[in-house]
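The annotation active site, proton acceptor is assigned in Swiss-Prot to 477 on the grounds of sequence analysis. The annotation Mg(2+) binding site is assigned in Swiss-Prot to 83, 125, 126, 451. Here Swiss-Prot flags 124, 197 as [2Fe-2S] cluster binding site, drawing on sequence analysis. Look at Swiss-Prot and you will find 126 tagged as N6-carboxylysine, backed by sequence analysis.
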């Protein structure tokens, strides 16, 4: 211990730390271990989440590898929520708030025990961003190694399927378009194994973005769960984190800069990633002390082409195909051939720059990862729309909108909750030409900003995906497709313009112009605003009550702030 200068010396060095060492020895730590770096392993194993059900064994592998590399591993667990299982009922209100609990939990364990470095093992939707937020707070050497995606399902006729296929199947079944037996086949075959759901949904989007941010090793976002390659990545991450702990860096805030966030959004735009990545990456930026305006995303989208179309944008390509084609680094390498799209100098946990990493990659399938000369679209798969209906922005997954649709004008049909909207959709009230407005489902109003996968999937499954639009102050699943705008800010519960919309109002969605417009005169909107009454909070007690009182707007990542802030 004499030459040790690591952070954990605070809990293990000197005569006055004899009680601390005694407690550590009770866990199996030896005198020889006291001179080694203490490595926290934030796992997220939980039985009810298929993306996490295998993480106990995976975490043990990482723990063993850290010890082999010369570190002292301490594994701990966070909670996790499966958004698919929580979808469409009260449970979804707990999904986004779980991100804050995860961030707080990781911060608490790391700071309480003054650990030297951190390996994060996330996988699904809110776990990855929650751990990213914690990493920004504690700012000790950190590597992310996710649990990996599941393979796509295979139906009896050879077609591929995934979770979104089932959600859309529910809509088709409600219209008599598929039988009970066909729906049961989807249920049985679409999700064949453990791992994060197999499309470019929120979980895989965030795990891919970890690579682009520089916080994960190449392959993290795409190598399948339980594959030999995933295990090799875990061992490599363990070796590297011990090196970083001894060197004292690089640290997360050295890596996550505005330029690194640009790179992450550029990847997201090139892949048509989930709109949730906007919410989560803004939250990570906020925790890192970075002001990142939404307009910067639109500037990127204007010059970043859409190169890699993955489910739900196409039924034919899943994350496993992206991995076989070369993965995230191959996409970045292809994108780097267009000047002004990426920042190659950004640092990564490997010690190399991101440009050095993508230089080693190869695009092995130009049908899966298009060359920049032949993109799916010259501009990207993600956009932020502004206008009198969304003064602080609304997020749109352009890559999941039919390419034939560039503008949509329709009449509003308003619902003050997701449940009301589902009743209206399945009850036949929603017709071609409608813009479905689902409000009071934002961070405060929900509370918890629930995802709207059930209504969007029902609309698509019923064959209305090109004829009906949906806008909301809530969120969407990464699997949502169609003309769907979420994260409308300010939200209805805060008196945002979405609260003033009435049935029959004309709404125009202009995708190329990045405008969302309520075609109602300003003086009429002022009259409506004067008559508007702020509703009482839906929840006043417990975690959701505290969350609703402290959460900020979607345009700043829906992070929590104490009242004095």
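Going from the start of the chain as shown, residues are counted 1 onward.
A Cβ is built for glycine as well, from the same backbone N, Cα and C atoms used for every other residue.
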Counting Cβ atoms within 10 Å of each Cβ, the densest environment among the binding-site residues 83, 125, 451 belongs to 125
The correct three-state DSSP answer for residue 124 ([2Fe-2S] cluster binding site) is coil
Three-class DSSP assignment, residue 83 (Mg(2+) binding site), comes back as helix
Given the Mg(2+) site 83, 125, 126, 451, its other Cβ neighbours within 8 Å of the Cβ centroid, in chain order, are 81, 86, 92, 95, 96, 124, 202, 276, 475, 477
Sequence-ordered recorded positions within 10 Å (Cα) of residue 451 (Mg(2+) binding site), taken from 124, 197, 477, are 477
Long-range Cβ list for residue 126 (Mg(2+) binding site), cut-off under 8 Å, min separation 6+ in sequence, same chain only, gives 80, 81, 83, 95, 96, 98, 99, 102
Cα nearest residue 477 (active site, proton acceptor) among binding-site residues (124, 125, 197) -> 125
Whole-Å Cα distance, residue 125 (Mg(2+) binding site) to residue 197 ([2Fe-2S] cluster binding site), is 10
Cβ neighbour count (10 Å, all chains) around residue 197 ([2Fe-2S] cluster binding site) is 30
